[in-house]
Ligand code: 5AD
Ligand code: SF4
């Protein structure tokens, strides 16, 4: 009988990419993948620590795994940012854990498993090398059409609320040739979407002496690669969103018309306390410039409410930016203090009830904007990328526009993984409905 493994992924797109690498490593070691924990011989939790809730979820899962391990001897590995942050303490606290592995070390999974099998170790911990460029590892993405490539690791920004620079180390860029080779490889294998990943993608190359190694140039070189594919990237930083990057986007249809522009707060005072490096007015001007130079571009944002010291007036500034800059979608969070960050020690931490109330109001304002932008699509014909049958209704296909809006329409399942034209006939806040345009 072949051994079976489960990988559970929490957190961001970088973790999704790293889970695809872990999957490939485990398959090479002879494991088949399963979603059923009860029949797993190995379970890897690929964790996040960016907000408080992530830890609670991981503790819950470890509790669920305990009896399974007792019954079956399942190997339990914890990887990702929470593992990197906690280190060996985690294995000491939870006896069911066999492996604790930081972000940089996933390539050492076979080595860790071998050590465990020798019987000489209670648990194996690899959490070093967080300032190195990790070795290139092949990934097995769940989709044969969407691939992701890390272009930078780590972050140098030290936004005062954020734990990431402490767990993912200093920013380091992957050499441009290596990225271009990867994109070519994916395009040759008929992948249709390539997502470039980094904590701060547009500071790509800042750690290099080579002035030619910058984000605008990287995008330009990627767009020269022949083939029908879309390039997405997450996340850029508004402070580093230079004109040359906007020009390259405007000139290249291969770059998706959906740009993530993390706002975090609309108050210049709070932005300063967050160490974001831009003001409310600068952000609004940048959003307007992008929309003007890249017609039809959709913007999305991350927004935090309840940062220490945020007053009602500060919060109204955030609502004002949301109304003015009009995001297609926003990821909205209540501030949660992370140990070791500057903001966690600031005075005037905001009451949980106030955070909840502000989040609710923010969601309402954002939903209005999302609905208005969705309705504007009705009557238009859009080129969409077909992802496959819709999860809720298998009879219809789910697809996405270049601006990342979901479009549902009736069509043959053979269209999966292709670009097609769809006429939009109806719209709700998050979803568009359409009809396939037959050529
Ligand atoms: N509390 C709440 N949200 C946070 N984020 C990062 N750190 C925190 C925190 N301590 C959010 C930011 C970031 C996104 C990935 O997570 O909005 O852009
Ligand atoms: Fe965190 Fe700021 Fe770096 Fe993003 S840019 S990972 S929010 S420190």
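Here the Cβ of each residue, glycine as well, is placed from N, Cα and C on the backbone.
Per TrEMBL, the features are as follows:
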{"type": "DOMAIN", "residues": "3-118", "note": "domain 'MTTase N-terminal'"}
{"type": "BINDING", "residues": "12, 48, 81", "note": "[4Fe-4S] cluster 1 binding site"}
{"type": "DOMAIN", "residues": "141-372", "note": "domain 'Radical SAM core'"}
{"type": "BINDING", "residues": "155, 159, 162", "note": "[4Fe-4S] cluster 2 binding site"}
{"type": "DOMAIN", "residues": "375-438", "note": "domain 'TRAM'"}
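Positions of TrEMBL features highlighted on the structure.
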residue	record	contacts (Cβ under 8 Å, 6+ apart)
12	[4Fe-4S] cluster 1 binding site	48, 50
81	[4Fe-4S] cluster 1 binding site	11, 15, 47, 48, 49, 50, 103, 163, 164, 167, 168
155	[4Fe-4S] cluster 2 binding site	162, 164, 165, 168, 170, 171, 199, 200
159	[4Fe-4S] cluster 2 binding site	264, 274, 275, 276
Residues among the binding-site residues 12, 48, 81, 155, 159, 162 that border ligand 2 - Cβ under 6 angstroms, in sequence order: 155, 159, 162
Any further residue of that chain within 8 Å (Cβ to the Cβ centroid of 12, 48, 81) of the recorded [4Fe-4S] cluster 1 site: 10, 11, 14, 15, 47, 49, 50, 54, 80, 82, 164
Listed binding-site residues with Cβ under 6 Å from ligand 1, out of 48, 81, 155, 159, 162: 162
155, 159, 162 excluded, remaining Cβ within 8 Å of their centroid ([4Fe-4S] cluster 2): 157, 158, 161, 163, 164, 165, 199
Helix, strand and coil totals (DSSP H, G, I; E, B; other) for the domain 'MTTase N-terminal' (3-118): 67 helix, 25 strand, 24 coil
Per-state residue totals over the domain 'TRAM' (375-438) - DSSP helix, strand, coil: 4 helix, 33 strand, 27 coil
